[in-house]
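Per TrEMBL, compositional bias 'Basic and acidic residues' is recorded for 11-23. Residues or ranges marked as region 'Disordered' in TrEMBL: 1-68. The transmembrane segment annotation in TrEMBL covers 100-117, 129-152, 210-228, 240-257, 329-350, 420-438, 450-467, 488-509, 515-536.
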Amino acid sequence: MSTQFQQEQEQEQHNKREFKGEQAEQEEEESHLLHSECETIPLSSPHVSPSKWEHGNKEEEEEEEDTVYAAKDKVQIFDLESAGGGAGSTAVPPFSWRKLWLFTGPGLLMSVAFLDPGNLEGDLQAGAIAGYSLLWLLMWSTIMGLIIQLLSARLGVATGRHLAELCREEYSTWARLVLWVLAELALIAADIQEVIGSAIAFRILSRGLLPIWAGVIITAMDCFFFLFLENYGVRKLEGVFAFFIGTMGFSFAWMFFDTKPSEEELMMGLLIPRVNSKTLRQAVEIVGCVITPHNVFLHSALVQSRDIDIRNKGQVQEAINYYSIESSVALLVTLVINLFVITVFARVFYGTEQAKGIGLVNAGQYLEGKYGGGLFPILYIWGIGLLAAGQSSTITGTYAGQFITEGFLKLNIKKWLRALITRSCAIVPTMICAIVFNTSEGSLDTLNEWLNVVQAIQIPFALIPLLTLVSKEEVMGSFRIGPIVEKVAWSVAVLVIMVYGYMLLDFFLDEVDGLLFGFLMFLGAAAWISFIIYLLQHSSAISSILVRSPNSKGFFSLAGN
């Protein structure tokens, strides 16, 4: 054993000497080239200013500032001596718990969108109206959401750029501007739900002393405080999100064990698919809440917080593997938390008169009415969980807004200024909504339905570009997804778009009143369908799925073709 260990040490030292020798030769060659170039280009040349090299360095620094994460801010995982070889290396090292820990973080931020106040309201209404019967749909919806998020992460890792940036290059000017406007509108709609959810939590915890509009202002201000933590390292911010998710898990687990739901009905709800005409709307809302447009854009940017050399195929594949694991674990946690919320409200309110009128605003009071005060009132437990959901989701919403704006428009401005613009664009309409719709619980529910409609309109315009790009060899290279994964992904996308389409149809059939309004809705629907057809034609998705050979590789594969 000692001889083998000594041999391994000698081999490692030999490799280090070889690497340093190659590095010295490369530096000498670069120095020689730079010296010869300086000799051949006189400073008096009219085409080259005396400050050419200094100017070039400044441009590089500015370009680094404009990237999603500056090089100095990225988490270092691969060092020079263990990076898996040169730029063309395809070797993937064995699994490492240390590396998994270093890659853990982006999945936490992504998973928050599965736990935002809009999701919690959908959960509690599903439990109160449908009981345990839709738990199976929650599980399968989370799996579908995981597939989409893994593709988003794969795109970001393999290309070194995020979805909004790639859309800017992929589509014509008019198409990318339409995509940008729709993405911003959907983001604002999601942000309104998240900020108002936080404001409702503040009102619950203050026993009604803080009005909704005051909670909106507090949420807007403390969002900047949490984003400020990023200056101390992205891992600090990820730690804050871990705390928020832990708080939600603890709060809703407390409620779960306090209310003692039926274990038998819970397992039947997970394993036996059931849906009927009375629970169809709640079923659609569960699917609709899980896959959100801005989260598709967000995840492809978050994965770039780790320093990965995209020229090194081994590093890229290793990063995809670790991100797949951490995203799966993060969404498993969100599944359990959402399950807690549905089963609590199924246990307490299913079959009662309050079931159809319950929402975020009055859920705490209804729970308190059922279970009273106690040592730690369930009203405050619910309020703490809701506050953690609202706070964390507003931060990720601000993050997503920065990436979407920078990616589509390529704005050369500082990150803090992008954050200020994004937050202002969302906070102004949120304040207006907080004042206008704070007249009754019913008006807030109406507002929530309209906000869901805005996000439903956008979902095809996030999914179709994503699947188009991850299927293109020109974009992904050898990391293009294989035909089997492509078919599964497009099947999921079609199913989700159909669910959202049904949501839109059901909503407008109930709300449309009058010939003029009906005509405008018809024009809007025609434009929506036409743009979807345009994106599908641009992607050539259907034809590529039919003609590609079935030698597929999965999510963890090195090559997708």
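The backbone N, Cα and C atoms fix where each Cβ goes, and this holds for glycine too.
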Tertiary contacts of the transmembrane segment (129-152), as residues 6+ beyond its ends and Cβ separation under 8 Å: 110, 114, 123, 163, 261-262, 265-266, 268-275, 278-279, 282-283, 286-287, 290-291, 295-297, 299-300, 323-324, 327-328, 331, 334-335, 338-339, 342-343, 346, 350-351, 355-356, 463, 466-467, 470, 481, 488-489, 492-493, 495-496, 555
Closest-packing stretch to the transmembrane segment (450-467), where packing means Cβ pairs under 8 Å, from 240-257, 329-350, 420-438, 515-536: 515-536
Positions on the same chain near the transmembrane segment (488-509), where near means CB under 8 A and six or more residues out: 144, 147-148, 151, 281, 284-285, 287-288, 291, 449, 452-453, 456-457, 459-460, 463-464, 467, 470, 481, 521, 525, 532, 541, 545
Dominant neighbour of the transmembrane segment (100-117) in 240-257, 329-350, 420-438, 515-536, by Cβ pairs under 8 Å: 329-350
Maximum Cβ pairs under 8 Å to the transmembrane segment (210-228) - stretch from the list 240-257, 329-350, 420-438, 515-536: 420-438
Long-range Cβ neighbours of the transmembrane segment (515-536) (under 8 Å; 6 or more residues past either end): 175, 178, 457, 460-461, 464-465, 468, 497, 504, 508, 542
